[in-house]
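Enquirer: Just lifted these from Swiss-Prot, have a look:
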| type | residues | note |
| --- | --- | --- |
| ACT_SITE | D8 | active site, nucleophile |
| BINDING | D8, D10, D214 | Mg(2+) binding site |
Amino acid sequence: MKHIIFTDLDGTLIDHDTYSYDAARPALDLLKEKEIPLIFCTSKTRAELEVYVDELECHHPFISENGGAIFIPKDHFSIELKDVHEIGNYKVIEFGTSYTRIRGVLEDIRKKTGFKITGFGDLDAEGVSKDTGLDIRSAKLAKLREYDEAFRLEEDENATAKVIELIHAAGLNYTKGGRYWHIMGDNDKGKAVRALTEIYRQQFTEVVTIALGDSLNDLPMLKAVDIPFLVQKPDGKYDPSIILTEIKHAEGIGPVGWNNAIMDLIGKNNNI
């Protein structure tokens, strides 16, 4: 039986403020020792994820921009993959809408409403760095978006409802992460997780899926797996928008909770 772990990054595997994953090192080492695939499933861009792939030597498929696409290293699976095309060293399954169209819709909404909406595409790397706390190099990578626009909406609840209405009217969708709203196409983390899980099932037959997240944009992913975990927010609370009967609440904020969840589930089970 093959166990697979899907994980959010910001606020989950990596700390919300420091972007460090040091607190999760014991669990990361355990997964490597047991050869359990760790699949990044996040709002981050492909360019950002490649940094973590190299740093953690985690050469598995990954899911970028809230399920915008699955990037599978060439020759990773022995089975034939369907509905894929090649980009660089990857076989890619796309679910998302082009960034150009998404930006156009967001700009139209801003013009129609006059609301203060600021997306990554409105900022230079220095602006993204200041807003996120990322260093300049990381901020540049965060701007290389393909399927999703992260934005801030500095308005009241009525304005938020209006923006959501206009996003839907344009045939697009939205979600909310730890820091930003996201406008995107007909994709979410859950669709990508289910598609990638099916590929693993074709390869290994029996598969058990695990996922860890912290925010609303993780809910589709958490619904799509066998064992879902929710880690605590920086204030020590769990996101109240995550309503799922089978959810397991990891004790600890971000990577501390992530580490505890994996060590409890994997470290104490000799059969895994």
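From the backbone N, Cα and C atoms, a Cβ is placed for every residue, glycine too.
I'd like these features described in context: how deep, what's nearby, how far apart.
Expert: All protein chains included, D8 (active site, nucleophile) registers 29 other Cβ atoms within 10 Å of its own Cβ.
The local packing around D10 (Mg(2+) binding site), expressed as other Cβ atoms within 10 Å of its Cβ over all shown chains, amounts to 22.
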Enquirer: Taking the Cβ of D214 (Mg(2+) binding site) as reference, which residues of that chain separated by at least 6 in sequence fall under 8 Å from it?
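Expert: Within the chain, D214 (Mg(2+) binding site) has Cβ neighbours under 8 Å at D8, G11, T12, G178, L230, V231, Q232, K233, D239, G254.
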Enquirer: For D214 (Mg(2+) binding site), what is the secondary structure state per DSSP, taken as helix, strand or coil?
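Expert: Going by the DSSP assignment, D214 (Mg(2+) binding site) belongs to neither helix nor strand, so it counts as coil.
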